[in-house]
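> Grabbed the feature section from Swiss-Prot, which reads as follows:
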- GLU359, ASN361, SER363, GLU366, ASN377, ASP378: Ca(2+) binding site (BINDING)
- 274-390: domain 'C-type lectin' (DOMAIN)
- ASN92: N-linked glycosylation site (CARBOHYD)
- ASN361: N-linked glycosylation site (CARBOHYD)
- 108-130: repeat '1' (REPEAT)
- 131-153: repeat '2' (REPEAT)
- 154-176: repeat '3' (REPEAT)
- 177-199: repeat '4' (REPEAT)
- 200-222: repeat '5' (REPEAT)
- 223-245: repeat '6' (REPEAT)
- 246-268: repeat '7' (REPEAT)
- 71-399: topological domain 'Extracellular' (TOPO_DOM)
- 50-70: transmembrane segment (TRANSMEM)
Amino acid sequence: MSDSKEQRVQPLGLLEEDPTTSGIRLFPRDFQFQQTHGHKSSTGCLGHGPLVLQLLSFTLLAGVLVAILVQVYKVPSSLSQEQSEQDVIYQNLTQLKAAVGELSEKSKLQEIYQELIQLKAAVGELPEKSTLQEIYQELTRLKAAVGELPEKSRLQEIYQELTRLKAAVGELPEKSKQQEIYQELTRLKAAVGELPEKSKQQEIYQELTRLKAAVGELPEKSKQQEIYQELTRLKAAVGELPDQSKQQQIYQELTDLKTAFERLCCRCPKDWTFFQGNCYFISNSQRNWHDSVTACREVGAQLVVIKSAEEQNFLQLQSSRSNRFAWMGLSDLNQEGTWQWVDGSPLSSSFQRYWNSGEPNNSGDEDCAEFSGSGWNDNRCNVDNYWICKKPTACFRDE
């Protein structure tokens, strides 16, 4: 056994990294081969097998190293390509930003334009402007009509007064009332254009002069009262004109004008109803007759006292619409059979027709009057009913 020599092969060295380079270098540390001694045979040739394997391993490692180096050299190129792509993206974003900035401004201008179009349409439909324009046109036509009447000097003054009245009316706060005044002036124009007597024209001129002074100081309640009085006098003056058809027309127009001024100048509290210069309240709760009188006094009013057929019809309609039995300020508590209002005035004989059939019958000591159905009924005063209060509108109340 000592004669034979053992083949010894130094194994392939470990791969190491050369710290002096930025790349990676792999190499075999030592390749030592032990020559075989003895006979050259197939067995001896086979002793070279490990050497072949080592060469193959070295070749494989060299190929891997080359591939790694290729990839490493490609990295700066890809980084450069990525940087150029970022530059392109940045430029595109810059252009997009500028475009969006212009688009936003343009869209805002478009929006402003549309708003102006809508505002133009809205302003064009404003009732105040159109109504004032119509009032101006009507007064211009009235000027032409009045200018053709016989008394030039007086009619010219009337025209001037109406012009000033136009300016005063143009400053009134409620647009709907401006429209009412415009309609009334239109009717008045037609009536004045056909007045037959110069003396009556003079009276109208004087009344319009007073009306101008009153309208010029409209905010004061005392002046509102003056307007009412002047219109009443004007109504009386026109009522004396000889032409009956024109009298009636002008009277009706002045009545309507008075109503329009009352609605414009006078106000009722919330939940109260305006009618012919007064405010009316129908309660939502029930009390006996005496407590109803007290309830009205507590709000500066009076359990309703009826003064005219028009007022009776209005109140009867209000009561029937609400389907409520309601106390009025009428009783015969002081003397049985003698009906008297709470203000001390007696019941007019012309009002007897408003009692329901068979009433008053004093059945069961019934001494207080109520609205019942389509007329009046007497009832016991301790019965709980709704009640109706009445008071003048604010513009006619003494300060």
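Using N, Cα and C of the backbone, Cβ positions are placed for all residues, glycine too.
Surface or core, plus neighbours and distances: that's what I need for these features.
Non-local neighbourhood of ASN377 (Ca(2+) binding site): PHE325, TRP355, ASN356, GLU359, PRO360, ALA369, GLU370, each in the same chain, at least six residues away, with C-beta under 8 Å from its C-beta.
Cβ neighbours within 10 Å of ASN361 (Ca(2+) binding site), excluding its own Cβ and spanning all shown chains: 11.
Taking the repeat '7' (246-268) as a whole, pLDDT averages 71 in the prediction.
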> With every protein chain in view, what's the tally of Cβ atoms within 10 Å of the Cβ of SER363 (Ca(2+) binding site), excluding that atom itself?
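So the number of other Cβ atoms within 10 Å of SER363 (Ca(2+) binding site) is 11.
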> Going along the chain, which residues six or more apart from ASP378 (Ca(2+) binding site) have their CB under 8 A from its CB?
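Spatial neighbours, sequence-distant, of ASP378 (Ca(2+) binding site): ASP332, GLU359, PRO360, ASN361, ASN362, GLU366, ASP367, CYS368, ALA369, GLU370.
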> Around the C-beta of GLU359 (Ca(2+) binding site), how many further C-beta atoms are within 10 angstroms, looking at every protein chain?
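For GLU359 (Ca(2+) binding site), the count of other Cβ atoms within 10 Å is 17.
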> What are the other residues, in sequence order, whose C-beta lies within 8 angstroms of the center of the C-beta atoms of GLU359, ASN361, SER363, GLU366, ASN377, ASP378 at the Ca(2+) site?
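Close Cβ neighbours, site residues excluded: GLY358, PRO360, ASN362, ASN379.
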> Just how many other Cβ atoms lie inside 10 Å of the Cβ on GLU366 (Ca(2+) binding site)?
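19, counting other Cβ atoms within 10 Å of GLU366 (Ca(2+) binding site).
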> In the domain 'C-type lectin' (274-390), how many residues does DSSP put in helix, strand and coil?
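So the domain 'C-type lectin' (274-390) is made up of 30 helix, 36 strand, 51 coil.
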